[in-house]
Amino acid sequence: MAAESQLKRVIETLRRLGIEEVLKLERRDPQYRAVCNVVKRHGETVGSRLAMLNALISYRLTGKGEEHWEYFGKYFSQLEVIDLCRDFLKYIETSPFLKIGVEARKKRALKACDYVPNLEDLGLTLRQLSHIVGARREQKTLVFTIKILNYAYMCSRGVNRVLPFDIPIPVDYRVARLTWCAGLIDFPPEEALRRYEAVQKIWDAVARETGIPPLHLDTLLWLAGRAVLYGENLHGVPKEVIALFQWRGGCRPPSE
């Protein structure tokens, strides 16, 4: 079957790449840079809380995700935070990338704005956030939040840290589309969003075989997606990785 042969190809390529190269790529991630700017400005505790809140409301954006995070990083690196909850709600109202469902975003942020994440135990943080916001731990913005909190930890402590294998990949549209583009699923990206657990299962298998945990694979897909979908390899993703996600016709930018 095509999916099986493509899965083998993806595993072999990413196994050769390895976790150390992925960690290097993470330092180039606009999300990492934005989080790092905020952590450097406000310290680990306040910076990680702001990053956590932004991750929790990072859905249905009116623009590219990279630009949303760049705006967040610039906004809070220039702001003197006096009242974290109030200041974050003001940010939601101000951001040009959060125009859809403003009140729903504010409601979700209010649920978590007093919570201080445990950066030493992100598994515990995931369980607690799941309870606080009333969502399953596999839900995309929750697991994405753990990735962002790891960025806050790495920036604050000046270290790399590999995340656990039992936290699944967040399945947003970019991940869904690249999974389809790689030939790993035979249903379209829109359906993949609904069947996100099936997509997570595939990337869990890739993670086990390559030694790259799912949340680190997410960074790789996110950065590669910019090249695949928009023809902009801004972060130096290896060409052989980009090629994995151009297996299907229609998975190259219009200029190619």
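Backbone N, Cα and C atoms are what each Cβ position is placed from, and that goes for glycine too.
Taken from Swiss-Prot, the feature 8-oxoguanine binding site covers Gln31, Ser58, Trp69, Phe144, Pro170, Asp218, Trp222. Ser58 (8-oxoguanine binding site) has a Cβ environment of 23 other Cβ atoms inside 10 Å. In the three-state DSSP scheme, Ser58 (8-oxoguanine binding site) falls into the coil class.
Residues or ranges marked as region 'Helix-hairpin-helix' by Swiss-Prot: 125-184.
Lys140 (active site, schiff-base intermediate with DNA) carries a helical DSSP state (H, G or I). As annotated by Swiss-Prot, active site, schiff-base intermediate with DNA applies to Lys140.
Sequence-distant neighbours of Asp172 (active site) (same chain, 6+ residues apart, CB-CB distance under 8 A): Tyr59, Lys140, Phe144, Leu193. Per Swiss-Prot, the feature active site maps to Asp172; the stated evidence is sequence analysis.
Taking the centroid of the Cβ atoms of Gln31, Ser58, Trp69, Phe144, Pro170, Asp218, Trp222 as the 8-oxoguanine site, the other same-chain residues with Cβ within 8 Å of it are Ala55, Gly65, Lys147, Ile148, Asp172, Thr219. With a cut-off of 8 Å between CB atoms and residues at least 6 apart in sequence, the same chain places Pro30, Gln31, Ala34, Val35, Asn54, Ser58 near Trp69 (8-oxoguanine binding site), listed in sequence order.
Summarised by DSSP class, the composition of the region 'Helix-hairpin-helix' (125-184) is 36 helix, 0 strand, 24 coil. In the three-state DSSP reading, Trp222 (8-oxoguanine binding site) counts as helix. The binding residues for 8-oxoguanine are recorded as Gln31, Ser58, Trp69, Phe144, Pro170, Asp218, Trp222; their greatest pairwise CA distance is 17 Å.
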